[in-house]
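Engineer: Please read through the structure below; I'll follow up with questions.
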Amino acid sequence: MNASDWYDLPLDGEDFFAGLSLIVLALFFIFLYAIVAFVMFRGSDETVGFRYLFSAAISGILLLFNYGVWPGLVILTKSEITTKSMRPWVQMYLDWAWFAMCYHYTVIAWSRFIAITYPSYFRQQTQLYSYSVCACCYAAALVQVLSTHFQSWYVTFYYEPSAYGMLAENFEKYLNDGLSMFFFIYHLIMMSLPFVFYTLAIIFLIKHKRSVNASHLLRRQATNTSTSTHHSKQHFIEMRLIAPCVFNTVLFIFGQILITLGTGEGKWATWSVMVLFCANPAVNPILLLVFSSAIRERTFDLLRNALVIKERPYSTINHRHTSSKTNCTALSNVKLSDASRSATSSQTFLTLEARGIVTENSYLMHQTTDV
């Protein structure tokens, strides 16, 4: 079946599966990643590493939408959604989000290296400094997009509904004119730099474990106990963050190898490429929840508090209704004659107090009438 015939037919089971699976997969991990990102943002005042991971989460959520929700809607609607003239600009946005994610791998690896080798310096980083470094990832991605997309050798990709994914406008030009080699070299660099930082950090941990423990003991003896305990706890959290970052980098490299080697031919091959593009950011929240006990506990606390808050509105309204009835009763009781007001007010107050329903209004009225 060619593409023109596919457009004339209604959606079949394969179309629904391809489109809905991408959308459901992306929306689920967008929701999960958003929760984890919110937890890291709230804890970024104390844990500096959360700031870099939060920035990476923003780019990850964008990728889940770009390569999950968007192509899923394209398949289900049998429409490119955007016009043909907008393809270059859509490609610029897609590449910008992808390059920003790639730069975050290196920045996060650098942050793990600094957090382990220079913990005091890393702990003193201001939020302005940390987020400025993160902003450089997005700025560098924008510069790279603007410097490459207007070159004669650049080839535009677009979403093709019948192909279940992205196709190149000129695939031969993509292979032979340099764009394929450009992407290969770029991703090779982006895969190599993080491992340089992670390798140096792990070597430092192995070589200086005893010396670090000894110096930490001396600092605890020379400084305030509560302060040193807090710093050691934060340093432990920073060290534990290296595990999910390393695993995520390994999965990123594995995904790039699969994409480079190819996943076959046909619509399911291009669909699997979309799944691989989604898999890179989708595994991030899972790895963070599995390897970081701090993120896991704070996420569970957030969800637990959210469930408790849902039960509060009814109890609050019921309490206000009861208080209003009590206030009305107390106010009606004070409309007595001037001669018996003091005695009646005292009797009413004692009655309310005995029943355990004394309100602020009834107490104030009792004090006023006694005077």
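Placed from the backbone N, Cα and C atoms, the Cβ positions cover glycine too.
Just so you know, TrEMBL annotations are computer predictions that nobody has curated.
In case it helps, TrEMBL gives these features for our protein:
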type	residues	note
TRANSMEM	16-41	transmembrane segment
TRANSMEM	53-76	transmembrane segment
TRANSMEM	96-116	transmembrane segment
TRANSMEM	128-147	transmembrane segment
TRANSMEM	184-206	transmembrane segment
TRANSMEM	241-262	transmembrane segment
TRANSMEM	268-291	transmembrane segment
Engineer: Have the transmembrane segment (16-41) and the transmembrane segment (128-147) got at least three CB pairs under 8 Å, pairs 6 or more apart in sequence?
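Structural biologist: Between the transmembrane segment (16-41) and the transmembrane segment (128-147), contact is absent.
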Engineer: If you count every Cβ pair below 8 Å, which range out of 53-76, 128-147, 184-206, 268-291 shares the most with the transmembrane segment (96-116)?
Structural biologist: 184-206
